[in-house]
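S.K.: Let me begin by handing over the structure; questions about it come next.
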Amino acid sequence: MTIIVTGAAGFIGSNIVKALNQRGITDIVAVDNLSKGEKFKNLAECEIAHYLDKHEFIRQVREHILPYQNIEAVFHQGACSDTMNYDGLYMMDNNYQYTLDLLDWCQDERIPFLYASSAAVYGKGEIFREERELEKPLNVYGYSKFLFDQVLRRRMKEGLTAQVVGFRYFNVYGQHEQHKGRMASVAFHHFHQYREHGYVNLFGSNDGYGNGEQTRDFVSVEDVAKVNLYFFDHPELSGIYNLGTGRSQQFNELAAATVNACRAAEGKPEMSLKELVEEELIRYIPFPNALKGKYQSFTQADITKLREAGYKEEFFDVKAGIDRYVKWMLENLA
């Protein structure tokens, strides 16, 4: 049985491939666009059966000429995830139409389809639950994800021929994101800031939040891969699910966890947030005007629906997840 992973050389996709490998699954077709060549490193430690360029894959899907038999599932992680990309034509073709074509093909072939949606569909809301009235995207990236989620809702009412699951990823961090540049997680940037400068920067006060007090639902990519595989194991489940921890933690906590994990590797003692700020190991910079009105100062996944689907595993909190991530970066990137 063959499994297809799109975006396989990317951040979440490569972690799904790795998680499949840990189960002994290697009959995997990795689909990606390697024009950004350094992404190959994410797949170098993985076992796959074949690599297929994204554009060739799309062509074969649209013409129904993919040469693989007995496809067990498609994990669709290939998309433009740059929330600051305002090229609507590109975003809608790459994130919406590509996903729609894959959905149609998977339904025709009765293949389970698990795809990446995003918490960006909620915009600046304060309630993050999988309900239409709570979804107000702030940018074309969020809209591209929102629009496809509406397609799934309509298809579910009409009746599906095979499983379809959309995961609304919250703030994901972890190994294999180094190619993402400015779109990599804050934890990634803090690690490199601290190693290079000896301190990290956080946004100052904005939108009623104090220095570094803006909060996010930070979720480890290890947990994201586990949830994807849980639904792969349960093809009877379809729908749209938030994928976060259900906890909202301050950027201050993330920065402190990153700095302290780096300090621990240097044989230095853990410091409190107050001490880190006093010693200027955490510094605050003015909130950028370009982000005002477009920035989510608070996110927290309502994971009630995920739990009702039977997923019982606990999620890493920021400290535990960042400790693991920093150790990985020290071993692989430093």
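Just so you know, glycine gets a Cβ as well, placed from its N, Cα and C.
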S.K.: Based on Swiss-Prot, name the residue from His189, His197 that is recorded for the same substrate site as Asn171, Arg182, Phe203, Gly204, Ser205, Asn206, Arg216, Tyr295.
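M.R.: Of His189, His197, His189 joins Asn171, Arg182, Phe203, Gly204, Ser205, Asn206, Arg216, Tyr295 in the substrate site that Swiss-Prot records.
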S.K.: Nearest of the recorded positions to His189 (substrate binding site) by CA-CA distance, picking from Asp32, Lys39, Tyr141, Lys145, Lys180?
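M.R.: With Cα distances computed to His189 (substrate binding site), the winner among Asp32, Lys39, Tyr141, Lys145, Lys180 is Lys180.
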S.K.: Determine the Cβ neighbour count for Gly204 (substrate binding site): the number of other Cβ atoms within 10 Å of its Cβ.
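M.R.: A count of 16.
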S.K.: Using Asn171 (substrate binding site) as the reference point, find which of the binding-site residues Phe11, Asp32, Lys39, Lys145 has the shortest Cα-to-Cα distance to it.
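M.R.: Looking at Cα distances from Asn171 (substrate binding site), the smallest one goes to Phe11.
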S.K.: Given the binding-site residues Phe11, Asp32, Lys39, Gln77, find the one whose Cα is closest in space to the Cα of Gly204 (substrate binding site).
M.R.: Phe11
S.K.: Between the Cα atoms of Lys180 (NADP(+) binding site) and Asn206 (substrate binding site), find the distance and write it as a whole number of Å.
M.R.: 26
S.K.: Tally every other Cβ atom lying within 10 Å of the Cβ atom of Tyr295 (substrate binding site).
M.R.: 15
S.K.: 10 Å Cβ neighbour count around Phe11 (NADP(+) binding site)?
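M.R.: There are 25 such Cβ atoms around Phe11 (NADP(+) binding site).
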